Amino acid sequence: MELLAASRACIFFGLVTVLDAWGVQQVELSEGAWAMIDGRDVLTPTNTTTRVTKAWTFLETPPGCAGDISVKKVCVSHSLCEDNIIIGKHCNLLTGEHGIALAEFNVVNGSLRRTDDVYFVNGTVFPILAETRSVLQIHRATPSIAGVYTLHVSIDGMMKHSVVLLTVKKPPKQPQPQPRLRVKTPPPVTVPQVPVKTHTDFVVHGYHSRVYRDGESFELSVNLESHIVEPSFSAEIQWYYMNTSSSSCDLFRVFETCIFHPTAMACLHPEQHTCSFTSPIRATKILHRVYGNCSDHGNSWPSRCHSTLLGNRLYFIQPAQNRVDLLFKDTPASATGLYVFVLLYNGHPEAWTYTLLSTANHFMNVLTDVTRPRLGEHFYTDLGHKIITPHPSVATTEELGAWTRHYLAFLLVIICTCAALLVALVVWGCILYIRSNRKPYEVLNPFETVYTSVPSNDPSDEVLVFERLASDSDDSFDSDSDEELEYPPPPKPAPQLPPYQFVDGGDAPSGRSGFKVWFRDTPEASPVPLHKPTLQGPDYSRVASKLKSILK
């Protein structure tokens, strides 16, 4: 913008904006109106275009200067004339131009693609920077939004501008109908009826973000407007704080539903609790003002009614004179976070707003979400454990240990179960191994093997052969036949070797077993039997054979 000062006697001085092809728009709105203002930035990227940057800026019109601002055509030469904004000399323009939106785009396949954007909005003006169009959306216009809105577009370093001069005027009053005069009857008197509100209404207007420097002082205002119909009421003004300096979220959400239902389970234990503001119970209360019995119905009731100040206020935060806003003095970098204002009327939340205060390094996007947050998969069930945002002046975090105890108990149960299964598998394997090596028909003999004679395979040696008797009824053990048993002659005694004789398998004649046998040096004399067996004694070999065959 250029400031024009007349060297001769002139009646005005002007603020001139040098524009490119898009010119100046003059928009006039009535107070409370809604509007959509086009920025007229029709862009056609060329083949050489690589980067496009768009920005909205705002220059506020000082109070009392609305009538001294106009749009006129200023000619630099005979062939170059452009529209410019002229401000009269009676208007003291001391305000600065502020950025309210910024977006960066890249050109991909001949079209724009958004890469980064940031918006500084309040509840009335919503700047929009899109790939094809840029607009200003006005909700319920107020005199405070009047001023000059400039759209800056940079295409590979070449700047273009589009200016909107916005003025807000009060709606014209409706003319009162004149009563008709009649000769015979007196004219009726009509009294205009003023609509009376039957309910209490609170409105807040404030910016949702502010970037500050370390050590800066400023005021955080919510612009509270009140309309109260009850003769007496109670109210509470609460300020909450949530630290966002350590958050790595691309988008921070503020759930409006949880402001009105702070004790809901999904609000107390939300999903991604570090990236959202849900229940005020999870935040730190930095200011709490209670009004017990107030009967003032104007907008100044917070400062006129008696109140009690509670809460642990920070050393760099002071309550403003109107007892609603906050004054920040020598603000440190640790004060970065989300500050939420809540107004309770007769115990119920009626109005709320938020502002993100941050340094340039910790700035993030904040979005208001009117849905219910999702419940976290693992939320804290012990009522003694509270989730509280740490104090902004103390750079400490509160460790949450409930989940550690739960996971350790779960891990211990798994280890015990695995150990029990392992022991059971080992026992079962041993049982299978014993069963596989066991002989089902083996007869266990507790006695050692005893040889009664020297083993030999000489056919001349008699060998006791156990034969199973034929299954004949005549030969049965229980047979009643009187047949006499035939007793064969007794066997001849085997020749005895002389003492100290060594039998070697190598010198043994053919047909021998080949066993090596050692005898004692002094052979023991065989005991003399008590009864000398008779030569013709009975032979029980057949009976023994039958018994053995039966026992076998």
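For all residues, glycine too, the Cβ spot is worked out from N, Cα and C.
Predicted, not measured: the structure shown is a model, and the values here were computed from it.
These features come from Swiss-Prot:
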SIGNAL    1-23  signal peptide
CARBOHYD  ASN47  N-linked glycosylation site
CARBOHYD  ASN109  N-linked glycosylation site
CARBOHYD  ASN122  N-linked glycosylation site
CARBOHYD  ASN243  N-linked glycosylation site
DISULFID  CYS249-CYS275  disulfide bond
DISULFID  CYS258-CYS267  disulfide bond
CARBOHYD  ASN293  N-linked glycosylation site
DISULFID  CYS294-CYS305  disulfide bond
REGION    470-478  region 'Acidic'
COMPBIAS  473-486  compositional bias 'Acidic residues'
REGION    473-515  region 'Disordered'
Argmin Cα dist to CYS275 (disulfide bond) over the recorded positions ASN47, ASN109, ASN122, CYS294, CYS305 returns ASN122
Cα-proximity to ASN47 (N-linked glycosylation site), 10 Å cut-off, over recorded positions ASN109, ASN243, CYS258, CYS267, ASN293, CYS294
ASN109
Measure from the CA atom of CYS258 (disulfide bond) to the CA atom of ASN122 (N-linked glycosylation site) and give the result in Å, rounded to a whole number.
21
Taking only same-chain residues 6+ apart in sequence, whose CB is under 8 Å from that of CYS294 (disulfide bond), what do you get?
SER232, PHE233, SER234, ALA235, TRP301, CYS305, HIS306
From the recorded positions ASN109, CYS249, CYS258, CYS267, ASN293, pick the residue whose C-alpha lies nearest to the C-alpha of ASN243 (N-linked glycosylation site).
CYS249
Using DSSP and three states only, what is CYS275 (disulfide bond)?
helix
Quick one: mean pLDDT on the region 'Acidic' (470-478)?
45
Work through the recorded positions one by one (CYS249, CYS258, CYS267, ASN293) and name whichever has its CA nearest to the CA of ASN109 (N-linked glycosylation site).
CYS249
Non-local Cβ contacts of CYS258 (disulfide bond) (under 8 Å, 6 or more apart, same chain)?
ALA264, ALA266, CYS267, PRO270, PHE277, THR278, SER279, PRO280, ARG372, PRO373
How would DSSP class ASN293 (N-linked glycosylation site) in three states?
strand
